[in-house]
């Protein structure tokens, strides 16, 4: 199969959330919104029943990996789970009985990309509490994908989560951890490793020859010379100095409260922040329906919509597919970017 003919591999996500219905809606909008070919890995009968329940005119076709692109114009291609597992789910009622199918879908998507049968992984939202009830040991998608990438003797990768939109791109240095643990986890080494991965992937994946990074402070006023906390002075500033000595264009630590207004955003490509919410609050405020989660540092392309399972609206026909469509389109562009082109970045658009 030629590389340009490979479909995207879309995971099932939590079947009690909005993942299945936004996948159906994305297929419906394939022509209008320029959605690239994708195959969903799950249970064809469940997707068919979901379409019927929502009143969506979406034909579903069970496929083999090589058939997806040919089928995509006329039906939503669904690749059954390798185990043949069936999915039974009620919208808005998460059930740990589906945990095995959720995890299997993610693993199968990665395997398709690693085998060359798919061009990139796009993941539908999962609920961590559903999986942890059955012993899932990873804080989230990002960390699990890093573990999958480390199989077969590969060097474990540091999972780096970038939220990308047409308005702003951000990277939290610490991800799915309690806020009280951030000061102990926020080491100079972690900041340096994260920034190096961001710098390398912006060059390799997006084609930015000279990425511009900025690092926000952890404390108010970036610590104000240690009077409001010492992490900015003792951890973040030394990391920036080392990175700059390596030729990486990075500034900081800068006060987080003045980092995201329009003029400031024009001065950098990606903002790194010490905590999860420092990054996600501004990007979700500015681009709630269009944000895309991109995992950096993996040997394959992975994106996902920048929202959760939305159990409260699942099955009600209220979920918007915009973020999933953006994730599908960006994954396709990243996987098929010609070597001599640069993908548009918010501050350079």
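Every residue, even glycine, has its Cβ placed from backbone N, Cα and C.
Taken straight from Swiss-Prot:
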- 141, 142, 284, 293, 302: substrate binding site (BINDING)
- 176, 221, 276: divalent metal cation binding site (BINDING)
Revision key, fill the gap. Quick note, residue 302 (substrate binding site) and residue 221 (divalent metal cation binding site): C-alpha atoms separated, nearest Å, by 34
Review point. Between the binding-site residues 176, 284, 302, where is the Cβ count within 10 Å the lowest?
Key: 176
Practice item. Using Cβ-Cβ distances, find the residues under 8 Å from residue 293 (substrate binding site) that belong to the same chain and are at least 6 apart in sequence, listing them in sequence order. Key: 141, 142, 161, 162, 163, 164, 303, 304, 305, 306, 327
Exercise for review: Count the other Cβ atoms sitting within 10 Å of the Cβ of residue 221 (divalent metal cation binding site), across every protein chain shown.
Suggested key: 16
Exercise for review: List the same-chain residues at least 6 positions away in sequence whose Cβ sits under 8 Å from the Cβ of residue 276 (divalent metal cation binding site), in sequence order, or say none.
Suggested key: 172, 174, 175, 176, 177
Point to revise | Rounded inter-Cα distance in Å - residue 284 (substrate binding site), residue 221 (divalent metal cation binding site) | key: 23
**Study point:** DSSP three-state assignment (helix, strand or coil) for residue 276 (divalent metal cation binding site)
**Key:** helix
Exercise for review: Please give the greatest C-alpha separation between any two of the substrate-binding residues 141, 142, 284, 293, 302, in angstrom, as a whole number.
Suggested key: 20
